[in-house]
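Features as listed in Swiss-Prot:
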BINDING   567, 576  [4Fe-4S] cluster binding site
BINDING   662  divinyl chlorophyll a B1 binding site
BINDING   670, 678  divinyl chlorophyll a B3 binding site
BINDING   679  phylloquinone binding site
TRANSMEM  46-69  transmembrane segment
TRANSMEM  135-158  transmembrane segment
TRANSMEM  175-199  transmembrane segment
TRANSMEM  273-291  transmembrane segment
TRANSMEM  336-359  transmembrane segment
TRANSMEM  375-401  transmembrane segment
TRANSMEM  423-445  transmembrane segment
TRANSMEM  525-543  transmembrane segment
TRANSMEM  583-604  transmembrane segment
TRANSMEM  651-673  transmembrane segment
TRANSMEM  715-735  transmembrane segment
């Protein structure tokens, strides 16, 4: 007899109802809950999945390279990167009529194509790629890499090649390896590519497999390196008149500290980027030699954490903070969920910073003038950062349920955080209410006075503290004369004493959207506080969910119920929204709400600057109807007209996605609001009708159909809500921006 799904849980496989399928999918990746799972097997399985993950990434990159080389216009883009619209891939669709075929035949293509808003063309151009042949070669390499990593994943599951549990628990060696080899060496290797390939190409000199061993990346070769005359590598940088990709105005420097942007490509200087990578690679290689290796050389993490205490005789606190980090080393090293939570939080912060800096400090040549790509990449990275951050708190909560040992952590910082959770949660609650009432109150007040014809009665607050911070970095327009905006300050004198030319002040004081600090006023002040409200509310729900994971006054035995337990009904005073899973589920809605405010703000402010109409954001951004009318409605107009009775245009696929996204989003409410009993009755009715209908009654079920549990329905509803949100906003951002700028 064939084994029924899920094979990893034979108890669940015997379930005669459709619950079997749902619970099987839900626990497929929860290796801890699988039959016959040991701690060693768990680590080995997870280790192998990392190789699978790498294979998927390599395959995705290979697919992009292959389709752009095959169906794109990369070589035409290289000749004129500011005017040629990059093609992602061709479209073959049996639903296309002549109108849409004509509308989608664009960017010099002979048939219907999609325009690329991923920034891949700019990335590949910046790193020195110039021909379709190079893209094909890279695609083949990435495909081979995908096969190799898949093989590595399979190999490490074979008995002879399975690492032992002790190998996985050797935190210091793993840290050394990740710091020195993965981060350090890869950063230095990337410097090598930039210096040997990308920088020469940016100066009109091709370096390929045929000549890379004979072309010196710097006229002096390695002599300055060995004679410690490293400054030689910074001399003779590219001039301000350099034409990117040609020898005109090119210098010979490879590691510089120029600051600001290349005037023509409007991206960071490639020589600055190379300097950054060699510096960070060196730091990481040094860091990768700090922790205790198998020869007993280096620091012990356990000793470091346990030395972080207030028990030292000279410490003024004299142990008043408990025993600090005692027990933390074992707690982290023995909990995969703790480690994953830390990794997700770190990556989440980094991804959000990437979103900001791709706009404020663009590193790819000419990408700053591709407004649609910039808008899409900002939204994309902020959305990903949000998912990663919510995941960090989710696994933090699972840690408290599954892995936390109260005895091991007695009176240390973890225990202290749990012990003071009421204070933490109530303070966060107070902050969210303060932000919410005041921000909404000012928006609503402004709305009313504008509606009644008295816009001069709006409450408009200048963000003076933020303006001061900008001035301290060198923004002159506010007249603060602080630090770098004061030519006579110690900061300015120190900056001016650096040898050579530096351009960060030019970048900060630019008059366009590429200024590192855009001018800010009352509209920014209000939306900043709205975003702060979203951040604090999301954090409140997530932190409360994690800190209450083990127990509350209402449910002191919560840790015994697991991470996601169903509603108990009114028996214990009502426990419907009390599992940690429910907190993460509720936080997702606030996180998506917050993302809307963050991305709306960035997008509208930039649209206004790009269109030369800064006053639109500054004047309409101070009241709610301004946001609804002059941002959402005004920018949806072209989108809603993507197709109409008179024909279609190239925005019509985005218009359709906008409509479809709303449908998916609204479908979510069907699962989020309905009661479980209604679904069970509906299913029973449908099954009854099915069984009594000719032809339809030939199809039967092996499993008895049962309604989704409350937790399952919430998940399905949230999935629809989230995907609908992404489809709707993605289509809106791309269509509203490309409709204006191409």
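Using N, Cα and C of the backbone, Cβ positions are placed for all residues, glycine too.
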Paired segments the transmembrane segment (651-673) and the transmembrane segment (715-735) in contact, 3+ CB pairs under 8 A: yes
Integer Cα-Cα distance in angstrom, residue 670 (divinyl chlorophyll a B3 binding site) to residue 679 (phylloquinone binding site): 10
Most Cβ pairs under 8 Å with the transmembrane segment (135-158), selected from 46-69, 336-359, 525-543, 583-604, 715-735: 46-69
Same-chain residues at least 6 beyond the ends of the transmembrane segment (46-69) whose Cβ lies under 8 Å from its Cβ atoms: 31, 86-89, 116, 118, 120-121, 132-133, 135-136, 138-140, 142-143, 145-147, 149-150, 152-154, 156-157, 163, 168, 336
Alpha-carbon spacing, residue 678 (divinyl chlorophyll a B3 binding site) to the residue listed as 'divinyl chlorophyll a B1 binding site', which is rounded to whole Å: 24
Ranked first among 273-291, 336-359, 525-543, 715-735 for CB pairs under 8 angstroms with the transmembrane segment (175-199): 273-291
Cα-to-Cα gap, residue 662 (divinyl chlorophyll a B1 binding site) vs residue 679 (phylloquinone binding site), nearest whole Å: 23
Fewest other C-beta atoms within 10 angstroms, as judged across 678, 679, which are the binding-site residues: 678
For residue 662 (divinyl chlorophyll a B1 binding site), the number of other Cβ atoms found within 10 Å of its own Cβ: 15
